[in-house]
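Among the features that TrEMBL reports, transmembrane segment is placed at 59-77, 124-143, 150-175, 222-242, 275-294, 306-325, 345-367, 387-404, 411-430, 436-454, 474-498, 551-570.
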Amino acid sequence: MSGLTDSKGSLNKVLENSSVTSNISSQEYEDDQDSISAGLEYSGVHNAKIYAKYYSSTFRRLCVFFSLFLMALAYGLDHSVRNTYQTLATSSFSNNSRLSTINCIEQVLSAASEIWFARAADMFGRPFVFVTATLAYVVGTVIQCQSYNLASYAIGSCIFAIGHSGLILCCEVYVADFSNLNWRVTAGAGQILPNVIITWVGGNIAGAVGDNWKWGIGMWAFIYPLSCIPFAFCVLHMYYLARKNNEQLMSIFSKRQGVSIRQFCTSMFFWKLDFIGLVLLVLILALILIPLTLGGGVTDKWRTPGILVPEILGWVVALPLYVWWEYKYATHPLMPWKVVKDRGVWSPLAINLFMEFVFAMQSTYMTTFLLVAVNQSKKTATRINRLWSFVSVLVAFFFGFIVVKIRRTKELIIVGICAWFVSFGLLEHFRGGDGSFAGIIVAECMLGLGNGFLKFPSKTSIQACVLTHEMMALATSLTLALNSIGTAFAAAVAGAIWSNVLPKRLEELFPDDIALAKAAFKKPVAFIKKYHWDTVERQNVVLAYRTVQRILMSVALGLIVPLLISSFFLRNRRLEDVVALDELEGNVDEVEVSTEEVEQIDKIDKV
């Protein structure tokens, strides 16, 4: 921890010279130290620094990023075709309207698990998270592909979502461990360059597999683990080199003498992993978000206890309990207030929340919309649904080289938000029917352009603002968690709009055949096979979809406003040629320093 000590001393000198006083009390962390003394140190961070030292050469780092590239190619292809087959799966269960509910539950679990996986990555190590997440990914996929009803499919989706979020976090943390701040945008985008391939190949896979959604999902249970083999060899090689050179690697589950097993487990699993905070966070998100989509299209449901009681419990009971626990009792809170309250941290978090909220407003039902209202095949719909990703990755990767030179991100983020105003304006205008295809293509390209300027620069911005390597996994997990929460909000809002507006609009267009209106709503894929594009029935459904799409895109446009406002509060830190700014030592004078940041480094040093 000598590097942290030197950095802290240098930062304190800067504060003294600039007449800024610090009110840090030595008593402030005593309660925290009591829990820490009972068990585990942050072995994951310590070991990660040692592994990075032996993979500092350009060739070895390229091996790491190429291995991550292969993993991203596999789970990216899976995600691409799984979205299409999820529509087919829920439609086969006569519950396509519950698609948003499943998405909402997945995002609730993802948000909580990403923060937990970040804590686990620091405590138990990156390899532990990698193995655990891979197992959940495979088990969830197997359950999904063997499902015969919506309940079992939803269970598999939840387990899969936990594994998928853990793998995403693991890859993000490894990118941060093996790249410097000024190269972070390019490194992050380079890791998901497979999206360039996925955009075109994903549609071919979906078309080749056909309507067999069980095989379309199940085949990834063995394809993805195979893609992990090169990365596993890299991790094992790092471990071998560290042991060969007698490095002092910290054991994951070692406990100090005089500490009982009970004390050790309590400290590690209850306090350090903040078990109570995690449970409360899941309860908050589940109680608030899921009832919004379960309300369905029947107004009377919103008066029933099954919908009202969870909403009230979420806002009135679970949320205050979570804040009270995290502020008063949690020694290792999931979202440390001293970190989150800095505008260099909360503004990127707000950007990630609204960014995913806005994005998922158009993506939740985009596949269904393209199949029904734009008359596209599964193959073409899959490609269009991934076009934004193709553009986004290329933009982020190549503009990342510009970031290497300009070393700033704030301006890029604002440009990206402006591009989204154009994109969603086009999506609102071209919302189905003849002549909408070209407009949707342009809108998706603009969406990708904006995302390329938003996603990776905002993540780099927050990683620079937390200053230390030790805080990087937490910062990354918070951005990913806010991504998931934003997607969950969007799934809930989009699902509520879809479930309440579309059935009524269909009944208005089919006043003499309510059964047909219900069939068009519940089984859209089967409906379009029976009623082709030129039929009156199909065109009536297109009109209904246009109504819903207009509402969805109007809501998204309104949400871009707070997204833009959040960007003005960003800290425009200079991105140095280091993994974290605490490594600057002699160049500390170039770092903007606040009392809160010194407190963070002080706390980490004491831990």
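Placed from the backbone N, Cα and C atoms, the Cβ positions cover glycine too.
Because the structure is a prediction, the values reported are computed rather than measured.
Same-chain residues lying 6 or more positions outside the transmembrane segment (387-404) and placing a CB less than 8 Å from one of its CB atoms are 182-183, 185-190, 192-193, 195-196, 198-200, 412, 441, 444-445, 447-449, 451-453, 455-457, 460, 575.
Non-local neighbours of the transmembrane segment (411-430) in the same chain are 351, 358, 362, 399, 403, 436, 438-440, 442-444, 446-447, 449-454, 457-458, 461, 549-550, 553-554, 556-557, 560, 563-564, 567-568, 570, 572; each lies 6+ residues outside the stretch with a CB under 8 Å from one of its CB atoms. Contact counts against the transmembrane segment (124-143), taken as Cβ pairs under 8 Å, peak for 150-175 among the stretches 150-175, 222-242, 345-367, 551-570. Residues 343-344, 346-348, 350-351, 354-355, 357-358, 361-362, 365, 409-410, 413-414, 417-418, 420-421, 424-425, 427-428, 431, 458, 461, 493-494, 497-498, 501 of the same chain lie 6 or more positions beyond the ends of the transmembrane segment (551-570) yet place their CB under 8 Å from a CB of it. Of the recorded ranges 59-77, 150-175, 275-294, 345-367, 474-498, the transmembrane segment (436-454) has the largest number of C-beta contacts under 8 angstroms with 345-367.
Using a Cβ-Cβ cut-off under 8 Å and counting only residues 6 or more beyond its ends in the same chain, the transmembrane segment (474-498) has close neighbours at 97, 99-101, 103-104, 107-108, 110-112, 114-115, 117-119, 122, 165, 168-169, 172-173, 176, 285, 289-290, 292-293, 295, 335-336, 339-340, 345, 348-350, 352-361, 364-365, 458-459, 462-463, 465-466, 548, 551-552, 555. With a threshold of 8 Å between CB atoms, the same-chain residues lying at least 6 positions outside the transmembrane segment (345-367) that come near it are 83-84, 87, 99-100, 103, 339, 381-382, 384-385, 413, 420, 424, 427, 447, 451, 454-455, 458-459, 461-462, 465-466, 475, 478-479, 482-487, 489-491, 493-495, 498, 548, 552-553, 555-556, 559-560, 562-563, 566-567, 569-571. Through the fold, the transmembrane segment (150-175) approaches residues 64-65, 68, 71-72, 75, 79, 86, 89-90, 93, 95, 98, 102, 105-107, 109-111, 113-114, 117-118, 121, 126, 129-130, 132-144, 184, 187-188, 191, 459, 472-473, 476-477, 480, 484 of its own chain, all at least 6 residues removed from its boundaries and within a Cβ separation under 8 Å.
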